[in-house]
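First up is the structure itself, then whatever we jot down about it.
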Amino acid sequence: MAEAAPAVPSDELLEWPKKDKRRFLHAVYRVGDLDRTIKFYTECFGMKLLRKRDIPEEKYSNAFLGFGPEESSFVVELTYNYGVDKYDIGTGFGHFAIATTDVYKLVEDVRAKGGNVTREPGPVKGGHTVIAFVKDPDGYIFELIQRAPTPEPLCQVMLRVGVILIAPSSSMKRNVGGQPPPLSPRFARFAEHSEGRGKGRSRKAFAMNVERLQQHQMVVHRSRSQIGEGRRSRRMFEGSDIIVGLAAFALDVTKKAFLKIIKNAEVEKLARKAGGSTGRNGKVALGMKLVKKTDRPEQKYTIAMMGYAEECETTVLELTYNYGVTEYTKGNAYAQVAISTNDVYKSGEVINLVIQELGGKVTRQPGPIPGINTKITSFLDPDGWKTVLVDNEDFLKELEKE
């Protein structure tokens with residue numbers, strides 16, 4: 001009987017995303033009238049219709065639009081399902097963003113063609129960058145950002161998340177007035193669970209330990225389901241600047257990055273140990289880097305920009321945490337973002353490993369799509385946002401066929 005192939009050590013496997021060739025391919029979402037949306041994007045935004053396909057046996061059509069070829073540029077993949085003319089966008093999806101050298105002119109063009117301008121052009125609050133917001137016929141919001149010429153004008157996908165960690169860093173010490181960042185209700189539930197209050201601990205002792213964590217400037221939020229089910233994903237992270245839902249999959253976390261929080265463990269002891277643990281290697285599934293983080297305590301939100309290059313060079317995910325808001329509706333309009341990989345199967349192994357630590361769910365095991373043969377795998381992050389990894393070679397072959 002043949003012996004099974006030796007398992008790849010987890011530390012070695014978790015190095016794969018750093019070596020892989022990855023970029024954002026497209027964002028997928030549903031529209032009620034394909035031709036209407038194509039007309040709006042081409043005439044108002046200046047996008048190009050790159051390809052269009054109809055799948056009558058499955059009763060849907062796709063259109064791919066962007067500012068450059070799919071082989072090298074991020075694009076939108078619009079899906080029209082026969083007979084469905086309206087979708088619920090939900091409260092979790094935020095917006096797409098388009099970079100332009102003249103926001104004022106672009107807004108004039110959009111308005112002249114009947115577009116809905118929801119925020120007039122002008123500097124962002126507390127800054128100098130000129131922005132505006134417009135709404136497309138299906139209700140999707142597009143932020144227009146004034147920038148120098150960029151190779152990737154379709155530059156952002158913004159998603160709201162309810163899972164966030166902010167740990168000490170040189171650029172973010174204390175909140176307004178010298179106070180530590182606030183704890184959200186979700187963190188209170190998380191800390192309460194790890195403290196084991198159900199075993200007779202007093203509310204006073206619990207509050208004291210939460211205060212000690214605040215003094216260490218550590219704010220941890222985990223999803224309600226992960227808190228209640230006693231899963232392995234209960235962890236405290238320390239040493240990285242910010243981990244937010246999908247960012248928990250995207251950001252590199254070192255071996256010292258997390259401490260186990262187990263039932264009845266004392267928050268006080270964990271806070272004292274912060275920074276000294278040598279837990280499992282936490283190199284993460286998508287191999288992105290934290291491009292920029294911004295905390296706005298006055299407006300009560302934090303954002304993390306995640307991507308594969310600097311913000312001015314490529315598309316990034318803008319992940320937004322609004323203080324105290326832990327749940328968002330997903331609706332049925334926005335679907336997913338697709339990312340390229342050189343090895344779907346190895347990437348799938350990494351995803352499985354990271355999900356064991358951080359939560360989430362595999363929605364499609366690695367393998368070819370029937371009828372197309374492009375190999376993919378997909379998963380949900382801890383906030384429920386879907387990501388699809390697509391084989392690089394298969395994707396290019398698919399483009400050649402069409």
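Heads up, the Cβ atoms here are built off N, Cα and C, so glycines get one too.
Note that TrEMBL annotation is computational and uncurated.
Taken from TrEMBL, the feature domain 'VOC' covers 23-147.
Every protein chain shown contributes to the tally, and the Cβ of Glu77 (Zn(2+) binding site) ends up with 21 other Cβ atoms within 10 Å. Among the features that TrEMBL reports, Zn(2+) binding site is placed at Glu77, His95, Glu143.
According to TrEMBL, the feature active site, proton donor/acceptor maps to Glu143.
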Report summary line: Counting every protein chain shown, other Cβ atoms within 10 Å of the Cβ of His95 (Zn(2+) binding site) number 19
Report summary line: Confidence over the domain 'VOC' (23-147), expressed as mean pLDDT on the 0 to 100 scale, is 96
